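The substrate binding site feature in TrEMBL is assigned to Ser64, Asn114, Glu158, Asn165, Tyr189, Tyr240, Val258.
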Amino acid sequence: MIDFQGVLTSINETASNEKDKGKIADYIPELAKVDVDNFGIHLIDIQQNIFSAGKSDEKFSIQSISKVLSLSMALGLIGEKVWKRVDVEPSGDPFNHLSLLELENGIPRNPLINPGAIVIADILVSRLENPKEEFLAFVRNIANDDTIDYDVDVAKSEKRTGFRNFAAANLLKSYGNLNNDVDVVLDFYFHQCSLSMSCAQLTNTFYMFMNHGKCRRNNTFLTVTQVKRINAIMLTCGFYDEAGEFAFEVGLPGKSGVGGGIVAFLPNKFCVATWSPGLNPKGNSKLGMLALEKLTTETELSIF
Ligand code: GLN
């Protein structure tokens, strides 16, 4: 039996003693208010035993982690047609990059970079009557947790400063790959990114990705094939231009967000989430990556 609790406790100690905790994302002003010293980690294994250390119950802005959830909902609604509008290749570029979009005639390289997630948001806006409400209900249902909510201040803050996302959405529109109004799609996108969740809530939500599409209550949200596809995209594209480094150091599929959260999992074994708001130069949580490297090294559990 692996001593998950012992490993998490030691990771939390190492993180607290680390001097250089990275840099908080301040291009969304509301995120800059968070204390860089926060650290939390939470793990659930396939038998639903839970382990945690640090501030694992404190909520933070999940940001790009939400892109996996919007993709899951879109796949459920329109199935494989999603891939006509967004590709599945790693970009090797930062999350907010626009150049590839120009090169590839408005088809974003994958659904986890911003332009790809904006196309997915457009699909949801087209398909849902009340997109924000229905997406929130979808996430709450997976997690079995009605306390999960948007942080409207974060959404508003990003709306005021999200010029690059406005540029991406306009570029998509110019190529005919955005069917709804730029403002309407981005309002949805900024809200999905503002979802506020703790490490514990993130592992409850992402449990289904390590469990063949079934959530903790055993309800099916995704088919086995859909989970295979989404997990492959997380492995190859979940960390932008650091996806290779994450696979090399950690060896798990997962997803990061500029709020400092990372969620990762080993299929059939465990799902883990970390939160440390300081980012490395590639926009991934600096201590979160170190923590997960330590976890997979010390437990000798990775997909490889
Ligand atoms: N909402 C953020 C943005 O669009 C998400 C980025 C991220 O978490 N990498 O810039």
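Each Cβ is built from the backbone N, Cα and C atoms, and glycine gets one as well.
All features noted in TrEMBL, drawn onto the structure.
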{"residue": "Ser64", "record": "substrate binding site", "Cβ neighbours (10 Å)": "25"}
{"residue": "Asn114", "record": "substrate binding site", "Cβ neighbours (10 Å)": "25"}
{"residue": "Glu158", "record": "substrate binding site", "Cβ neighbours (10 Å)": "24"}
{"residue": "Asn165", "record": "substrate binding site", "Cβ neighbours (10 Å)": "22"}
{"residue": "Tyr189", "record": "substrate binding site", "Cβ neighbours (10 Å)": "28"}
{"residue": "Tyr240", "record": "substrate binding site", "Cβ neighbours (10 Å)": "24"}
{"residue": "Val258", "record": "substrate binding site", "Cβ neighbours (10 Å)": "25"}
